[in-house]
Each structure stands twice: as structure tokens, then as C-alpha cells.
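Copied over from TrEMBL, here are the features:
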DOMAIN    18-111  domain 'MARVEL'
TRANSMEM  27-46  transmembrane segment
TRANSMEM  53-75  transmembrane segment
TRANSMEM  87-106  transmembrane segment
Amino acid sequence: MAPAAASGGSTLPSGFAVFTSFPDLLFIFEFVFGGLVWILVASSLVPIPLIQGWVMFVSVFCFLATTTLLVLYIIGAHGGETSWVTLVFSYVVTLLYVVHAVFSLIRWKSS
């Protein structure tokens, strides 16, 4: 595998150094504005509640994902390596695809 300098990667910050680098500094804004969106969507009245439910789901999911990543960066769970994020989320996405496919197959067979 190529060294980090040759592949364009760098080490990830941990602890409160997360708040000193530009891309990671955006966590604060994502956290604040994500919470505001969550509050505003929950308090608005819409003619079709299904739409509000979907927007609320996406908003809450993104808010929780941002919070989880922020906490993982602060506690240093990545160990300074950049590949763990891709690896952890690749497994999660693959698992979700498999679960979705299985339940879709079950629903299709039962209809």
C-alpha cells in the first residue's frame, strides 16, 4: 500500500484538535444547523404527514451520524489512520443492502 503522502491522504485529528482543522470544524455547523432543521421540521404543519416523516427521518439520521462521527473523532477511535471510516461504513452499508434485499424478497414471496 502506498504511503499517506503519496496517496494524498493524511492523518486524522483526534481530541480537541478536531476543532482546529477546516473540514472537521464543519462538524460544529452541521451539529447546530442539523439540530435546527430537526426542530423546525418537527414543529411545522404540512398537508401530507408522510412527507414530514421522511424529511424528519433524513434529518434525524444525518444529525445522529454527524454526532457519532464527532464523538468518534474526539475520542480518537480512528487511531490516526484514514481508512477506518471507509471500512466501517462500507460494512454498514453492505449490511443494510442485504437486510433490505432479504425483507423485500420475503414481502415479494408472501404477496
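Including glycine, each Cβ sits where the backbone N, Cα and C put it.
Just so you know, TrEMBL annotations are computer predictions that nobody has curated.
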Mind looking up the mean pLDDT for the domain 'MARVEL' (18-111) in the predicted model? 78
Where DSSP helix means H, G or I and strand means E or B, what are the helix, strand and coil counts for the domain 'MARVEL' (18-111)? 80 helix, 0 strand, 14 coil
Other than its close neighbours in sequence, what residues sit by the transmembrane segment (27-46), given a CB gap under 8 Å and a spacing of at least six beyond its ends? 18-19, 52, 55-56, 59-60, 62-63, 66-67, 69-70, 73
